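*Asks:* Take a look at the following structure, please.
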């Protein structure tokens with residue numbers, strides 16, 4: 001429901017007979033910005049927004065970081081937040097969000113806002129004091145300290161269900177077993193004591209660690225349903241052991257460690273693996289062979305994933321696995337997402353995954369920025385134009401494959417080669433096709449930022465695919 005719809009309803013007198021308690025429930029479903037706007041609709045609505053149960057203060061909506069008087073704007077923003085909560089009429093709140101970058105000069109205001117949330121028995125608390133300009137841990141780690149520490153009153157709050165703290169210090173030992181929220185997200189801080197947090201967290205169902213540094217963690221265990229580890233820096237190379245028998249969503253993005261898996265849910269719903277932080281390489285070496293074995297073994301422990309998303313680095317390295325014990329085994333994956341440059345150095349990795357996904361129904365190519373590597377040269381005997389014809393037949397494809405999706409489609413020959421093969425094999429251009437895959441459609445999503453000349457190339461490629469598609473639908477989405 002949007003602000004315009006509510007305004008239209010009021011004009012037609014559709015809401016005038018509803019009691020205030022229901023109107024408050026309705027406006028609590030709006031974004032905080034739209035909720036505030038309802039105060040100008042009519043006299044009756046003037047103060048209803050003061051009882052919304054979802055409050056969100058975002059500095060970026062109030063302060064233009066490019067203006068000369070940024071300091072005075074931040075002072076005004078802090079005063080606005082304190083004034084707003086001082087006039088709040090409700091007894092309880094569901095959510096309080098504070099997005100205020102490095103508020104070192106406003107600590108008293110921030111603490112009073114948090115105390116307000118605790119007094120209203122908040123369920124979901126977001127404290128994000130990171131700088132929007134930070135793009136990596138190296139940007140944030142230059143600060144020797146975090147200016148805001150989580151107040152003592154938060155640790156004992158029994159109503160808290162979800163806590164997000166970015167660039168905000170906290171003491172894991174102060175959370176008792178019964179007081180830790182079910183969902184915890186930590187980011188943009190030096191984090192050295194994760195294991196003590198996990199040892200005392202039987203109620204924790206979702207843990208997200210993002211852009212932290214100095215991490216020392218060797219065992220990740222618990223009854224969690226969701227685990228996210230994104231773009232963190234470790235204090236040293238280490239063995240990282242996972243014991244997550246009930247996890248349903250698993251996302252790991254960052255450095256390659258010596259991964260060990262004790263237990264993993266064999267019916268896991270969603271797995272995302274991203275090792276692009278390792279960079280790119282053109283020549284194989286002893287390190288890449290070792291990492292190929294590590295990642296192949298890691299995939300085997302995650303082979304129950306219904307949806308699996310992988311990165312170019314994984315596609316390139318898993319083909320280098322030489323240890324028979326770690327060679328890729330058949331997986332249960334039904335939706336495979338390949339984040340790829342469609343470079344020849346990734347082709348064998350793509351084939352390995354296709355060969356080991358016998359239940360695959362949807363194949364997605366998520367194509368992102370091209371590298372400086374040449375797309376016309378071969379890579380250890382793999383040719384960019386001939387590989388798909390020489391190394392794949394209809395027998396290589398999962399018999400269950402129904403949908404192929406291409407995101408950021410550009411119509412370049414690398415994309416067209418693999419799509420031509422998939423379409424031709426799916427529509428019956430191969431001998432013995434009656435036992436082959438049953439491809440139903442190909443979905444092409446163009447990038448809205450493409451130049452006109454690039455768009456023309458993509459249009460030509462899409463038309464060519466449509467001309468050979470037969471019974472296979474080729475759908476083009478041009479934003």
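Every residue gets a Cβ built from N, Cα and C, even glycine.
According to Swiss-Prot, the feature domain 'F-box' maps to 12-60. Per Swiss-Prot, the feature repeat 'LRR 1' maps to 99-129. Per Swiss-Prot, repeat 'LRR 2' is recorded for 139-167. Taken from Swiss-Prot, the feature repeat 'LRR 3' covers 186-211. As annotated by Swiss-Prot, repeat 'LRR 4' applies to 228-254. As annotated by Swiss-Prot, repeat 'LRR 5' applies to 287-312. Residues annotated as repeat 'LRR 6' in Swiss-Prot: 342-367. The repeat 'LRR 7' annotation in Swiss-Prot covers 419-446.
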*Asks:* Mean pLDDT over the repeat 'LRR 2' (139-167): what is the value?
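*Replies:* For the repeat 'LRR 2' (139-167), the model's average pLDDT rounds to 87.
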*Asks:* Who are the long-range neighbours of the repeat 'LRR 3' (186-211) in its own chain, taking Cβ under 8 Å and residues 6 or more past its ends?
*Replies:* 130, 134, 136-137, 140-141, 146, 164-170, 172-173, 175-178, 180, 217-232, 235
*Asks:* Per DSSP, what is the residue tally for the repeat 'LRR 5' (287-312) in helix, strand and coil?
*Replies:* 16 helix, 4 strand, 6 coil
